[in-house]
Amino acid sequence: MMTPSGRLDSTPALLILGSAALAVALVSVSSGAYPLSVADILRVIAGKEAADPVASMVLLEVRMPRFLLGFLVGAVLAVCGAVLQGLFRNPLADPGLIGVSAGASLAAIAVIVLGNTWLGGWLALTGDWALPIAAFTGGSLTVLLAWRIANRSGQTAVATLLLAGIAINAVAGAGTGLLTFYASDEELRSLTFWTMGSLGHAGWDDLVLGAPFMVLALVLAPWLARPLDAFLLGESVVGHLGYRTDTVKKVAIVVVGLGVGAAVAVSGLIGFVGLVVPHLVRQVLGASHRVVLPFSALLGGTLLVAADSLARVVVAPAELPIGLMMALIGGPFFLALLLRTRVM
Amino acid sequence: MVLDIRNVHVSLGSTPIVHGVGLSVAAGELVMLLGPNGAGKSTLLKAVSGDAPARGEIFVSGQALADWCPQALSRHRGVMPQRVDINFPLTAEEVVRLGLSAKSPGRADELVEHLLSDLEISHLRHRLVPGLSGGEQQRLQLARVLAQIFDTEGDRLLLLDECTSALDPAHQQLVLQRVHRLAREQGVAVLAVVHDLNLAAQYADRLVMMRAGRCVLEGAAREVLTPEVLDAVYGFQARVVELPEGYPLVIPLGQTRAQTAPLKPVCRQAS
């Protein structure tokens, strides 16, 4: 069950995590303002009539899309976190920390607030896809910016990266503030959704809009596994081992831009998943990205769905924004991580 | 020639570091680059490893460096950088395996075991790298680099940047013996940057002395490591004793002048 280096083998880990994911999925779709019985859930999934006719509607129209979206967003955020940490060779890198989420959300908010005025042309051009595409573009541009600033003569300066992240977050925050200032009451309601993160409005529409980008990011990510392992030895070693360093970086930037951009577009700002999940996986299963990437996806999805179920029950019948919930869990964890790591 | 460098210039930013260096290494030859700090040794090596932009011509196995497909080149050219810092929980074995391309699982296991035990680190196989000592990590990196070129048919080039800097004397001997054997028995061409003059004298087939970005002298240890050359290039006085083993031993007697002092003409120009 354990490897000689004291890690959990990946097969039992997959069994444990897989069972946990199933259990969480079941809890997530059954609990809420209208509780569903397991028997009804199984019957609806099997395509039969449920004993309770409302159950079928609640499950298919409300709970299922929310569960699927939550799982996908959690998986994507965790994988993007792992990719960035490998790329920057720093376990503390996170889409939120280097401003990628803020950039994506600024673009999304710009579309909400300026969609009827300055960005009318954008909306006409992209239609229903205006938001995810804008969020994706905003996310990609910020990854690129942080990368450019932190990279001097082939070396990523970690301190510069984090400072750049603070600056990018500040600028994006100021932009968001400015837009908030101009927003109407109705737009403000949507804005709050972005800044606190929520799966509360999740429906099949969101899934159709966001899933293609997120799935694409998840499909591209495994290609990065081996080169990212090489990145752990240093950027120059990537080239020595025969990988095209620039191509690897570009694919990584596209993966993070696609994934985080789409995740922010459908669920707003959800922090710390990208930081906490890969770290946990590395502690238990090791740092090889061929393990870290798939298990981060599985654990990230499970954790976010679990947090979402919790967010629905702690203050029922109201619900806490999921971003808030994750920050409540992730914040203290991040502090503990800082205390343990000491050297940055 | 496995490595052929012609008139190479390297600048880092706007500062020129290497000025028109020419150098070649044949199959089975162990060439060591010597020179004071800032002479351009590591920078020259970086030009050959593709980590520093260079003007001039660099050929590996007769093919210009830029024309190589990266994947193929990685099987023919192993590069060991001066430092590799790993702050993620990889095991020693995982690091060595990074050097292996698609080899059959059985062969890969055998190779990892062979390389680890050859460098006396097989007991560290399952340990996490961040917890290893500097010397252990250095041997581990060498094992990873050797894994990369181990099974390659045709020319092989090994670039080593101060590969013994963190090692105790016994392991310095071990590592250089292995490298020497690789050159002798398997025809690997080796270009290594070293600071330890006596290790260079003991193991190199040929020494290349650099100063201020130029190769100032090239030849066998007893031609290059003379009190006059050491004074001119490094600025220190030394006694040089010819050992019965057939190579010179350098005993430093103290610094005579700042290294920035004007360079005295070197007695013999490279042929």
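Keep in mind that glycine also has a Cβ here, set from the backbone N, Cα and C atoms.
Pulled from TrEMBL, these are the features on record:
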TRANSMEM  A:67-88  transmembrane segment
TRANSMEM  A:100-123  transmembrane segment
TRANSMEM  A:129-147  transmembrane segment
TRANSMEM  A:159-182  transmembrane segment
TRANSMEM  A:202-221  transmembrane segment
TRANSMEM  A:251-280  transmembrane segment
TRANSMEM  A:292-314  transmembrane segment
TRANSMEM  A:320-339  transmembrane segment
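Within the chain carrying the transmembrane segment (A:129-147), a Cβ under 8 angstroms from the stretch's Cβ atoms is held by residues 84, 95, 98-108, 110-112, 115, 119, 122-123, 156, 161, 164-165, 168, 172, 209-210, 213, 249, 253-254, 256-258, 260-262, 264-266, all 6 or more beyond its ends. Highlighted: of the candidate stretches A:100-123, A:202-221, A:251-280, A:292-314, A:100-123 has the greatest count of Cβ pairs under 8 Å to the transmembrane segment (A:159-182).
When Cβ distances are compared across the two stretches, the transmembrane segment (A:100-123) makes contact with the transmembrane segment (A:251-280), since 3 or more pairs at least 6 residues apart fall below 8 angstroms.
Away from its own ends, the transmembrane segment (A:202-221) comes close to residues 61-62, 65-66, 68-70, 72-73, 75-76, 79-80, 83, 128-129, 131-132, 136, 251, 254-256, 258-259, 261-263, 265-267, 293, 297 of its chain (Cβ-Cβ under 8 Å, at least six residues beyond either end).
Within the chain carrying the transmembrane segment (A:67-88), a Cβ under 8 angstroms from the stretch's Cβ atoms is held by residues 25, 28-29, 94-95, 98, 100, 143, 150, 156, 158, 161, 199, 202, 206-207, 210-211, 214-215, 217-218, 221, 224, 228-229, 231-232, 249, 252, 255-256, 259-260, 262-263, 266-267, 270, 273-275, 277-278, 281, 289, 292-293, 296-305, 308, 322, all 6 or more beyond its ends. Remote same-chain residues near the transmembrane segment (A:320-339) are listed as 70, 91-92, 193, 195-200, 267-273, 275-276, 279, 304, 307-308, 310-311, 314 (criterion: CB distance under 8 Å, separation of at least six residues from the stretch ends).
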